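Below: the structure, in structure tokens.
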Amino acid sequence: MRKFSRDRITAVKTLIETLIFERNQTSTMAQADIALIGLAVMGQNLILNMNDHGFVVCAFNRTVSKVHDFLNNEAKGTKVIGAESLKDMVSKLKKPCRIILLVKAGQAVDDFIDKLVPLLEPGDIIIDGGNSEYRDTTRRCKSLKEKNLLFVGSGVSGGEDGARYGPSLMPGGHKDAWPHLKDIFQSIAAKVGTGEPCCDWVGDEGAGHFVKMVHNGIEYGDMQLICEAYHLMKDVLCMNHDEMAQVFEQWNKTELDSFLIEITANILKFKDADGTNLLPKIRDSAGQKGTGKWTAISALEYGTPVTLIGEAVFARCLSSLKDERVQASKSLSGPQGVKFTGNKAQFLEDIRKALYASKIISYAQGFMLLRQAALEFGWSLNYGAIALMWRGGCIIRSVFLGKIKEAFDRNPELQSLLLDSFFSKAVQDCQDSWRRVVSTGVQQGIPMPSFTTALSFYDGYRHEMLPANLLQAQRDYFGAHTYELLSNPGTFIHTNWTGHGGKVSSSSYNA
Ligand code: NBP
């Protein structure tokens, strides 16, 4: 047997050790495709989703012990790696660094950005996937652009299940980041139809978070509409929960086919441990986290009549006055002795159509707000792509959104969904039912803020002449606010209505 000198053995040993060290270095350094900070429900599930699609993710969390817990439990056996610090995390990322924040919206996002900036290089990307306010996203986008960093604010919808198996993703911000994110984002997003991803670039600055905010507002509206249908079935038609569950199951096979109708049927069927329905035992006081309210505030700010979402937010506010309502119920009476004597099956179909028509109004209003925001901020929004992003993965996912996508495909410049041939016909077909439901509900004293506001909007929108002529005259009468004549729009004049007013008029502006 050939003998090697001690020196030669030592040299080979050193070489092998060097090679192993270098291999370990490259396997621990710059090996991750993307990092994610925030190991709560959304973060953990999004990491596992990215892992399933072949991306190596580096996980980090403010409380670092949660990184170890995650790696030893949910992420055990995956390619997910962890980091002990932000510096450690950045060192493990391929260039340009891609870092997703999924932490509590607000100060936590700014705090992490401040800590990350000194560790990053020009061209690196920070993505905020939380429910941030769109103005914060615009601010962050601008300030990071000055540091040559690319900031993206991405709406993420679909809750825990969506994050794990395919969310709707609505990214916006610095567009240079998109080519570096597109593959990951579109791989992990929900797919519809023939595999189209529910994710596309939304627009500049806070556009992604604005679209997510409107999505959440529409979600408030959809939920309120379903609640009003439930109230009518329960209190006008006196149906029991199992019957109502069956109706919602049926409705889910119609134009109303959607996640929220599906879960409503399941909720209505759900039995408590004692074998009785759980739903009637739940306290009727609704909570809210604020995105519906933000949508309504934006609508007021940009002068867009998004009445249905506004009513849905106020309906939650009214519901939360539970103690006051209990007191009021003892002294304030409604209509007495009015009983429904019509055809139950026909009225159920009427309710279904009222819900469908009101839903069309709500989405028409939501897209009006998007259009107004695009004008306001100079964003170029692709409305068909937005409908597709909401078509799957998110809480408002529905077959209906496919129809909205088709409407914008027919006419990308469509001013209002109500002016599209499919939707104008759909509303027309529902109109008689819708009016029957609203009048029956009013006669029976059932609160239906969303059904009624939708119908009022429809009637207002379709009227060539509204009584705002009187309103303008009143404004001019008491405040010299001026008005235009139909025959001469654009020229504002003042009338001395009383004979003792002056000729001076107030300046004219729109609030
Ligand atoms: P949470 O909104 O509960 O946030 C938990 C994460 O935020 C943890 O990583 C926590 O770190 C971190 N955090 C907090 Br709380 N305060 C912090 C601070 N001051 N500084 C740094 N980190 C802080 O988690 P989530 O429910 O997974 O939601 C994450 C984001 O996604 C939120 O913006 C949420 O609005 C949004 N979102 C949630 C859902 C949903 O269904 N839950 C759906 C869509 C979007 P710690 O572990 O050290 O406390």
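Heads up, the Cβ atoms here are built off N, Cα and C, so glycines get one too.
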Annotated companion of N131, S157, G158, G159, H215, N216, Y220, K289, R316, R475 at the substrate site, TrEMBL, chosen from H209, H481: H481
Local confidence of the domain '6-phosphogluconate dehydrogenase C-terminal' (208-498) - pLDDT mean: 97
Spatially closest candidate among A40, M42, K104, N131, the listed binding-site residues, to H215 (substrate binding site) (Cα to Cα): N131
Cβ under 6 Å from ligand 1: qualifying recorded positions of G158, K212, H215, E219, Y220, R316: none
Close in space, distant in sequence - K212 (active site, proton acceptor), Cβ under 8 Å, 6 or more apart: N131, S154, G155, V156, S157, M170, T291
Those binding-site residues listed as A40, M42, and which of them has the most Cβ atoms within 10 Å of its own Cβ: M42
Y220 (substrate binding site) and N61 (NADP(+) binding site), distance between Cα atoms, whole Å: 31
Sequence-distant neighbours of E219 (active site, proton donor) in its chain (C-beta under 8 A, six or more apart): L260, G292, I395, I396
